[in-house]
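Engineer: Pulled from TrEMBL, these are the listed features:
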ACT_SITE  330  active site, proton acceptor
BINDING   329, 333, 352  Zn(2+) binding site
DOMAIN    33-224  domain 'Aminopeptidase N-like N-terminal'
DOMAIN    259-479  domain 'Peptidase M1 membrane alanine aminopeptidase'
DOMAIN    561-669  domain 'ERAP1-like C-terminal'
SIGNAL    1-23  signal peptide
SITE      417  site 'Transition state stabilizer'
């Protein structure tokens, strides 16, 4: 890679390292922003005037000779533009070039060549006008209602990630440009005004307005810039290191802000202690933004949906845990992403992976009663990441990556967040906590206030010098540079020798299976004889060159062997038949986390035909009456028991499941339940409603269905469904899905809502397809028919503009269970064949035919197994007693 090193005397010596980039749509890097002075006037907010005006002065270094200054601008109406040389103030004549309608670039052509040696640093000043939007991107407006009359009160705030700062003001809107900002905001005198840095001065103006100037920020990217204007209240405290922590929210009882204030303070203190790094800013505000949807790590002014910060004194454990996780995630970003940030979106996992990792490490350390570390990691991140990575087609590092915003936004997914967090945890367990912590501290210290590439992380770790182990860089590259993950096949040869094989896990029928991908795999294991010493740190490594490896382990012939028992490795494990049978025999005596891992692997391997579902059902019978929720949360998931229930369509199997649901009510029904018990109780209620049985109750006893909250399921209006589907808040959508599940089967409300969103252009086609993915993943059996019917009405010309259609189809193809659905999918593929791969119809037909054939062949066997099972006979007998 080529580099330029620029030394610029602005107010002090600044050394910047700038890569030459050629990726599609990127800025040319012939000029480099050194500092922004941004002035905004938005004083009309209180009188429903949503226009604002501003000016921005950018000091720009000339990195190489050029006659153009190119930056970003979208939506702002430009006024005057002035270019001057900084050292003597000489004006530089120029012209504004016309841009294509779809271009987001602002091109300024100078009448002479700008010379690196002579001009060095120039000043660009632009005046502009704009309007606060309502789309929750850029500088936008939202509102809350307060008081007895529920009077609306407007709020102006920002959301700039990944490429939306350019919607608010002209700027160099790429993450590789990191510089300081001095921000001044003119607002109504009664409004709270906040930004990334502490307030420096307040100047009172005529007409009840005020000008708030903030201190110069630390060097940061444009996507982290933030401002907030509104009638907010706040509570504050100081951390032991002297950082002022604030919780900002619409007018609330201060008691409802105390938990989040304490959590934000404690989590930051824990992060600073772990990393040995100070925050880099003097204050850290956490702002509750109405209808924000999730959270955003703006440096010094973090934005959240209200649910994460405003918590009643007696809030439910699930709410408290989610608040701790979200605050922990955004707090970790202040170092991982803000202090040290990825140089381009290709390496987003460097930011999101560490935030995901530390949200649980910090949360479990400070709130162990809410977030047991291993169990939370397994359920919240490991399992979803493994499921996603069997389908998704991108590695952690996506390079090259164009500057196309929709393409960038696709990377904000389970792979980038959860898989990256799991890989960091796997490497931690592989090299040990001390070495991992030292590497993290070195990484932050060496690259403080800079931008980084994956190589910068890898080189921060010191290798142990053991030639039998891969280097830390080899570990990282093995898992970050290619998609997918392995299945490790374990075959016991005799009393102590075991053959290990690896192959890529693929949850789909493919015409050309991936047989070449290999990984450096840390092999951990448990046996009766090993004394637990190989459960976390690897006993040995499978190398990328190892398709097959025979190893002698510490075990006897009668021992049970369980590989990757603590779910530290990002892989699944398949055993020979004898080993699976031995595992089933001892399953009930194993730790809950180990049970969950074994159950999940068995179900996933059964779905791709590597083991029989009889094994899975035998495991469920062994788990019956087990008082731990962790394996049941995994077993009863939509992808596991949910899939089996959809394809079997068996009244007897439903009764079989009903017994399990009764057991879940039994061990999760305590008033003083733990977080995981609370989650299990929610799952049990959901299954109770799904099975539609009034004969299922605690411990399998019959009870009235009116105990279930959804029994009083009110009809949904089309407007309610539209607003919930449009919400950025996952919890709002989850509540909608729960209500949709109890609507009459013939209700057209979902289809009508989807059609209204399409007809009113409330979402782009790509984002609408994301909503459809979410629907199908939540309950394929219920929502797939409506999705197929809706897609059949979408013209191919509309689909043509979306890069998400094939991804949505891939998901649909694997959920088809009958010939009618298969025919609808084939018709849909033919209609849109112009944008699909040449052999896609053949590929999809193979997958759907395989599933339907499997169902025809296997369902009778499984129904017979269920009929003859011990648990089915128990619940069949109890059901008959109740009917009598």
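Glycine is no exception: its Cβ is also placed from the backbone N, Cα and C atoms.
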Engineer: Specify the count of other C-beta atoms within 10 Å of the C-beta of residue 352 (Zn(2+) binding site).
Structural biologist: 27
Engineer: Based on Cα coordinates, which of the following recorded positions are within 10 Å of residue 417 (site 'Transition state stabilizer'): 330, 333, 352?
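Structural biologist: Hits: 352.
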Engineer: Just counting, how many other CB atoms are there within 10 A of the CB of residue 329 (Zn(2+) binding site)?
Structural biologist: 28
Engineer: Among all protein chains shown, how many Cβ atoms are found within 10 Å of the Cβ of residue 330 (active site, proton acceptor), not counting that one?
Structural biologist: 26
Engineer: Using the Cβ center of 329, 333, 352 as the Zn(2+) site position, which other residues in that chain lie within 8 Å, going by their Cβ?
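Structural biologist: Checked against the 8 Å cutoff, the neighbours are 297, 330, 332, 336, 337, 351, 354, 355, 356, 359, 417.
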Engineer: For the domain 'ERAP1-like C-terminal' (561-669), give the DSSP counts of helix residues, strand residues and coil residues.
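Structural biologist: Counting residues by DSSP class gives 76 helix, 6 strand, 27 coil.
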Engineer: Write out the long-range same-chain contacts of residue 333 (Zn(2+) binding site), meaning residues 6 or more apart in sequence whose Cβ is under 8 Å from its Cβ.
Structural biologist: 297, 351, 355
Engineer: What is the number of other Cβ atoms found within 10 Å of the Cβ of residue 417 (site 'Transition state stabilizer')?
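Structural biologist: Excluding its own Cβ, the number within 10 Å is 25.
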Engineer: For the C-alpha pair, I'd like the distance in angstrom between residue 352 (Zn(2+) binding site) and residue 330 (active site, proton acceptor), rounded off.
Structural biologist: 10
